[in-house]
């Protein structure tokens, strides 16, 4: 995994933290022939890591800043098997052929999941920080007939202080894995 500090960052554009990327990549169970859609690509952390392990990645974000940040990181890490698009995933999904999906953004999520089901996408991994979004995604996947697994991860980083060491925690992330039955 590439360390978070190596990525170009832009104010207000999120990045999936290194440890969360590692687990999410594991849940995707990537194959070198996979073509992956990254919805809500943010700073491109997942796009870069997925592209290193798959045939091609389509990255989408509704933020122009996120699109630009992802593009910068793709160039920085010499990733050539990824294309970035600005727009709403539900409007762009039909333009691409892919077999796996990573979701880091939840705008219009229920409509997006319905479209993924129509395309018979067998493996989707979604990361959420907002509890209500986790419940919404889990419920929708179950309604659509997916097998759903989810885990909540809390990552803490060590920091040296004058009297010893402390652990500083980041926000917990729910990683949802949906597999078509």
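Note: Cβ is positioned from N, Cα and C throughout, glycine not excepted.
The model shown is predicted, which means the values in this text are computed figures rather than measured ones.
If you look up Swiss-Prot, you'll see 16, 40, 41, 42, 43, 44, 61, 89 marked as S-adenosyl-L-methionine binding site, on the strength of sequence analysis. For residue 42 (S-adenosyl-L-methionine binding site), the count of additional Cβ atoms within 10 Å of its Cβ stands at 24 [all protein chains shown]. In the three-state DSSP classification, residue 42 (S-adenosyl-L-methionine binding site) falls within coil.
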Fill in: In the chain carrying residue 44 (S-adenosyl-L-methionine binding site), residues 6 or more apart in sequence that have Cβ under 8 angstroms from it
7, 15, 59, 69, 70, 71, 72, 73, 74, 84
Worksheet entry | Neighbour count (Cβ, 10 Å) for residue 40 (S-adenosyl-L-methionine binding site) | 24
Item to complete: Return one of helix, strand or coil for residue 61 (S-adenosyl-L-methionine binding site), based on DSSP.
Response: strand
Worksheet item: According to DSSP, which of helix, strand or coil covers residue 16 (S-adenosyl-L-methionine binding site)?
Response: coil
